[in-house]
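J.: To start, I am sharing the structure in question, which I have written as structure tokens.
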Amino acid sequence: MAQDTLSGGNNSYPGVTSPISLAEPKQADLELSDKLEEALRPHGVFESEAEMAHRMEVLARINELVREWIKDVSRQKNNIPESKINTFGGMVFTFGSYRLGVNTKGADIDTLCVAPRHVERSDFFKSFVELLKAQPEVKDLRAVEEAFVPVIKMTYDGIELDMLFARLALPTIPDDIDLRHEMYLKNLDEKSVRSLNGCRVTDEILHLVPNKENFRMTLRAIKLWAKKKGVYSNVLGYLGGVSWAMLVARVCQLYPNAAPATLVHRFFLVLSKWDWPNPVLLKPLDTENKLGFPVWDSRVNPADRFHLMPIITPAYPQQNSTYNVTNSTRTIITDEFQEGLDVVTRIYEQREEWTTLFEPSDFFHKYRHYIVLKASAEEKDHYLEWKGYVESKIRLLVGNLERNPYIKLAHVMPEAYGPVNESEGQYMCKWFIGLVFHAQTLNSQTANVDLTYDIQSFSDVVHKTAIHINLFKDGMKVEITYLRKKQLAQYVPAQILQQGKPKRKEPRASGGGDIQRTNIDRSGGARSEGMDSSQQPGVSTVEDDETSQESQHLVLDGTASGTNVTESNSSADHMNWTATDNTSSNAASSSDRLTIKETEDTLSSSDGSDMASKRPGSPFSATTPPKRPKDGDSRSASPMQVDDKPAGSSNSLPNANEVVKQHTPDLTDGLSSSSVLAPSIHLPVSKTSPSDDLPDLSSPQTSVPTSSFMPLKNSIKLKLK
């Protein structure tokens, strides 16, 4: 393990740099840490002794099943004497949150089945699956052999399990095997290497943190915060559990003696100032690639320089765990880092409590334009399979929306919501995407935002891929809906809409009375448009009032690889389009389309003055000078000097920006500055294959030419003026 040794001391510390501070925690830090633990308990982040014992029992039974299965497979193989069958071994390893010691109540367990070389992967997905089906404790069994990392999902005696498989090039599996050694990766196929990577990364993270207990408490708090704020989902382009664990581990390396409360504050302080796309590393990159596996290194691989938020796993072969991050998700995550820093700073100043940090996201109050994506099926087994598949493809729709020149940000909420009423069906879930438009689009007199191609290309990829991998079944549907904020009550339960609702503040003495908006609002993007209710021939409009219940629907039913949208019989205030297997129908005329005309009541006027000041009842006029920023709006470092001394320096605390620059590894030596900049929103990252991800059907798709699918009969265009 690479280490940095502090000058003048005998202790060595893990990490690519020396610690920022070796200060011991003060009494106030310990008290805040105790309060942090008390604030976490109501959220179910700690398991009882009985629950932990039940998990151990389930793992023991699964391990015994694996050993018996390997013996049965060995008996079926040729030239294997009975005397050796009991010596082959085989065992189940855990990784992820359970292995890190931060699993929550009801969380699943990530497991890995390690078998000797004569046991094939095909045996695992055939004979072992049949063995599991015969167990009365097993429910909801699903085998996903075609996945990038093949997995078996099931519920065993009430505990959800994800099982991977790795076949080592060894005749027997010893009971004391340590998977951290690189020698076990020799002569393995890439699927086995990817399966082993979870265990190897988890063990390496635990090996690289200076204080495991403080690391675990801090990680529990950060994971709960990330889930509450809607930034916990690797498949949707946010950060997954291993990425959050590595970020917390890096902060623990920089502050090895700090208490959990201090580490939470330093987590937000360091990452809110981090200079992305510089990578987060727990140990130096391995320059000797002896086994020849693809390794992340932006100095060598040009494709790796396009990754927006790289967090590199510490175990060989090093991979970027945040490959799915997009421009929108990175913006959302960094904004949440800044908001988190503000909250924890107020907690240290005794102006807030820890419960404030874990308040739900205000996602349903941030935007006035939303897209709803529904996935439904007729049977439970089909629904579970279809839901997971559609969720893995949502990032393609987000990528399409990001590449639309008029859209500034597409914010997808990771949580899937079930039906609001019985009419929506039993096996159905919904994901919501908030839209923000560029300020140039809003300031222009007229702008047509065409979402037809973005949605149709997404549908084309989703359904063709589902048919190609034999996943599609009759009754599986995807429905895409555009709606306004006022219409959310039709799709979201009332208790969810009440969560994260901004608290009303007392009006300011100046009479402005405006509640301060988010960073996106201040940039001019989140102030959305009102709709023009005027009726025009061939144009469907939605009135912008509280009683408006209209929404525009595009129902995409992938019953064939080539789909054509035809208008169905529906009421006047609920328009529905369903994709059918009518591939021979003629293309529709361009005049037959759905147009949404919108106006913005807070747009800037043509001469640059602020039109928001002209709203009715405003005490300001168009000539009123802009307000000066309040002192509280300035983004500064925490006023609490928790770090008494940076390691090996004087009593002064270094500037936060300088700290991050000094402790961010520089991988741009010998490269031009333009070669390491993140790509613009108009340049999709997915056009190049990264070193850590082989292209497959689940990989990001490039834009599909319009000639590859049937045109929509009714296009969707938003006219902003």
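Each residue, glycine too, has its Cβ placed from N, Cα and C.
Values in this document were obtained by computation on a predicted structure and should not be read as measured data.
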J.: Which range, 1-20, 61-80, does TrEMBL list as region 'Disordered'?
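T.: Region 'Disordered', as annotated by TrEMBL, spans 1-20.
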J.: Within the domain 'Poly(A) polymerase RNA-binding' (422-495), how many residues are helix, strand or coil going by DSSP?
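T.: DSSP classes over the domain 'Poly(A) polymerase RNA-binding' (422-495) add up to 33 helix, 22 strand, 19 coil.
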J.: If you average the pLDDT over the domain 'Poly(A) polymerase central' (214-359), what number do you get?
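T.: Per the prediction, mean pLDDT sits at 94 for the domain 'Poly(A) polymerase central' (214-359).
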J.: Please spell out the DSSP helix, strand and coil residue counts for the domain 'Poly(A) polymerase RNA-binding' (362-418).
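T.: Helix, strand and coil residues of the domain 'Poly(A) polymerase RNA-binding' (362-418) number 27 helix, 15 strand, 15 coil.
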